[in-house]
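Enquirer: Okay, here's the structure, questions in a sec.
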2 protein chains.
Amino acid sequence: MVGGGQLARMMIPAAIELGIEIKVLGETPESSARLAVSEVGDYRDSATVLAFAEGVDVITFDHEHVPQPILRELVARGVQVRPGPHALLYAQDKLLMRERLGQLGLPVPDWARVSDAGELAEFLADHDGRAVVKTPRGGYDGKGVRVVSSASEVADWFDAAGGDLLVEELVEFRRELAQLVARRPSGEIAAWPLVETVQRGGVCAEVLAPAPRSAGSLSDTASDIAYRVAEGLDVTGVLAVELFETTDDRVLVNELAMRPHNSGHWTIDGSTTSQFEQHLRAVLDLPLGATGCRDTWSVMVNILGGPATGTLADRYPRVLADQPTAKVHNYGKDPRPGRKVGHVTVGGDDLDEVVYQARAAAAAFD
Amino acid sequence: MVGGGQLARMMIPAAIELGIEIKVLGETPESSARLAVSEVGDYRDSATVLAFAEGVDVITFDHEHVPQPILRELVARGVQVRPGPHALLYAQDKLLMRERLGQLGLPVPDWARVSDAGELAEFLADHDGRAVVKTPRGGYDGKGVRVVSSASEVADWFDAAGGDLLVEELVEFRRELAQLVARRPSGEIAAWPLVETVQRGGVCAEVLAPAPRSAGSLSDTASDIAYRVAEGLDVTGVLAVELFETTDDRVLVNELAMRPHNSGHWTIDGSTTSQFEQHLRAVLDLPLGATGCRDTWSVMVNILGGPATGTLADRYPRVLADQPTAKVHNYGKDPRPGRKVGHVTVGGDDLDEVVYQARAAAAAFD
């Protein structure tokens with residue numbers, strides 16, 4: 001696995017249980033996934049990644065940032081890269097993603113490729129004077145995304161980027177949803193139940209599984225979209241499709257991630273097969289596991305930032321005593337404002353109660 | 001953790017999720033818990049264990065075999081040893097265990113300490129000519145246990161042991177049960193539901209959770225016994241109390257283990273808090289987690305021996321396709337006849353169906 005963040009960390013338990021040897025190329029020896037870090041180095045350095053890939057059966061990823069030339073060199077050398085560079089391209093470049101999803105006939109917000117302030121102003125004029133501008137590459141957790149009403153608000157991006165920007169209509173949405181699926185090279189796909197995601201400041205804050213008030217047709221629409229993306233882009237491993245449920249009852253694709261995703265952390269405790277186990281099965285082309293919910297409701301709340309002083313573990317005596325059913329996941333990262341340092345999942349039959357407990361447990365780490 | 005077997009291995013996922021740094025003193029670099037093996041050495045060597053204990057907060061164990069003098073030296077040096085030597089003594093020596101449980105007024109089979117063939121013959125004469133003889137130390141998985149009808153059948157043990165043997169009545173039991181609890185140094189105890197265990201050739205083969213047909217009074221009797229053992233012996237961490245349910249409706253204590261136990265493997269998938277997470281919480285004196293069942297029935301079947309050729313993973317394409325809800329746990333050990341190399345847990349509402357599936361999944365690894 002290239003990248004040693006919390007996604008790699010949470011892959012380790014799944015690998016241990018299935019008896020799969022996992023090695024991680026970490027950024028530092030103190031990476032979140034440090035227990036499995038076998039090499040430390042820069043994933044943007046070709047020699048580092050190629051050396052790491054020697055002797056492994058499959059290369060997969062904690063993030064989508066490994067440069068295309070390195071991915072293609074791995075493939076040229078016969079390494080199994082999953083997802084492959086031809087798929088990852090669409091998770092790396094939002095302009096290419098929008099173009100490709102359009103070709104596949106998938107529902108997306110109105111969008112345009114804009115090269116300068118004039119083109120952006122034109123798009124704004126056609127969309128009630130407001131729009132979302134995104135840098136095609138490198139954005140995550142709200143970075144590289146701005147809501148603007150004037151082209152001057154992204155003048156720095158036009159100056160610096162040296163490339164085109166993506167502009168999209170400001171979608172009026174009722175809520176955000178996420179559809180996770182996993183796909184094997186041999187074609188098998190399995191979908192988890194549709195979930196509702198709550199974002200705060202561009203960062204995932206909460207996930208409700210399954211998405212409340214998601215009638216059969218909404219679930220069907222979402223899983224149909226995710227199947228078409230997975231097949232159309234030849235994704236292997238876990239694919240997260242972030243969706244808008246619009247106020248006029250449409251479902252539009254917002255973003256894609258080709259790896260385990262924050263919207264799927266609930267599956268560790270709440271589904272028969274976690275997204276981490278499923279990702280391993282999928283990239284190793286093993287049969288996929290059952291994806292049903294283990295509880296009527298599962299609610300995941302991120303621990304963002306953590307305590308101003310001390311560690312998450314300092315709060316355990318109180319949190320674990322107050323919430324004996326809460327599953328606490330601690331990423332082993334130093335607390336820092338806004339940083340994803342852990343999450344809590346609670347399951348149960350009463351949604352209001354489950355939400356309350358999960359929020360209370362997560363808040364106790366503030 | 002001293003000892004690098006599958007119990008240490010299965011502790012790693014719990015440690016990762018809670019953000020607890022775990023180090024293992026393994027027998028070899030290829031120990032089942034190799035991902036967390038930080039030192040390789042002999043747990044019977046005082047210098048090795050003392051060096052390993054430097055800088056850790058708590059020492060705990062994958063097995064009960066660390067010699068008492070080493071345990072006591074650790075305590076003398078201020079190391080937190082959990083469970084402590086004064087408790088572990090009763091898991092190490094079956095004669096002392098029987099004596100102590102008798103003092104505590106707990107129900108045990110008729111037993112005697114025998115020093116020679118004459119004393120054993122006397123016990124046999126008082127018990128219809130048959131009894132179970134056990135070496136007080138070092139036995140596990142049926143080793144060190146013989147059913148005899150003549151003292152000559154353990155002549156080798158009298159010759160070799162250089163100590164007394166334990167003889168017990170041959171209990172007529174309806175079935176075997178196990179009651180697991182966890183206890184913190186500060187006194188809190190939590191019990192999982194009573195389970196039924198099925199032994200074959202002295203080795204745990206299957207566990208049914210909760211124990212079928214265990215009326216309230218049976219469960220209450222079992223948990224009362226386990227609480228009294230945990231408190232009476234001052235056990236910290238997980239305690240497994242193996243029980244006989246006799247044909248005349250008594251519940252007798254068979255064996256004790258002061259660590260996670262095969263009869264609790266189902267908790268990884270079947271309880272809100274696994275025995276491995278609970279053991280970590282307990283030895284760190286953190287509040288204990290909820291111990292309810294996540295499914296109506298959970299059935300665990302051991303994978304004993306594994307395939308005659310190849311590895312467990314070679315069977316994944318078939319097993320995982322046939323049993324998408326089965327949770328497969330692979331201990332990363334080379335197959336060898338009779339060896340515990342993994343287990344499978346299945347959960348569901350129909351006990352017959354769950355038993356069938358779990359057995360089918362485990363058998364597919366033969």
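Glycine too: its Cβ is placed from the backbone N, Cα and C atoms.
Not my notes, these are from TrEMBL:
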type	residues	note
BINDING	A:Lys94, A:Lys134, A:Glu168, A:Glu169, A:Leu170, A:Val171, A:Glu176, A:Asn254, A:Glu255	ATP binding site
DOMAIN	A:98-284	domain 'ATP-grasp'
Enquirer: Measure from the Cβ of A:Glu255 (ATP binding site) and count the other Cβ atoms within 10 Å, all protein chains considered.
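Expert: Summing over all protein chains shown, A:Glu255 (ATP binding site) has 18 other Cβ atoms within 10 Å.
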Enquirer: If you skip the near sequence neighbours and keep only those at least six away, which residues in the chain come within under 8 angstroms of A:Leu170 (ATP binding site), Cβ to Cβ?
Expert: A:His127, A:Arg130, A:Ala131, A:Val132, A:Val147
Enquirer: Over the domain 'ATP-grasp' (A:98-284), what is the model's mean pLDDT?
Expert: 94
Enquirer: Under a criterion of Cβ-Cβ distance under 8 Å and sequence separation of at least 6, what residues of the same chain contact A:Glu168 (ATP binding site)?
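Expert: Same-chain residues close to A:Glu168 (ATP binding site) (Cβ under 8 Å, separated by 6 or more) are A:Arg98, A:Pro109, A:Asp110, A:Trp111, A:Ala131, A:Val132, A:Val133, A:Lys134.
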Enquirer: Ten-angstrom check, please: count other Cβ atoms within 10 Å of the Cβ of A:Glu176 (ATP binding site), all chains counted.
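Expert: A:Glu176 (ATP binding site) is surrounded by 20 other Cβ atoms within 10 Å.
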Enquirer: On the three-state reduction of DSSP, what should I expect for A:Glu255 (ATP binding site)?
Expert: strand
Enquirer: Just counting, how many other CB atoms are there within 10 A of the CB of A:Lys94 (ATP binding site)?
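Expert: Neighbour count, Cβ to Cβ under the 10 Å cut-off: 23.
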Enquirer: So, three-state DSSP: helix, strand or coil for A:Leu170 (ATP binding site)?
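Expert: Coil, per DSSP.
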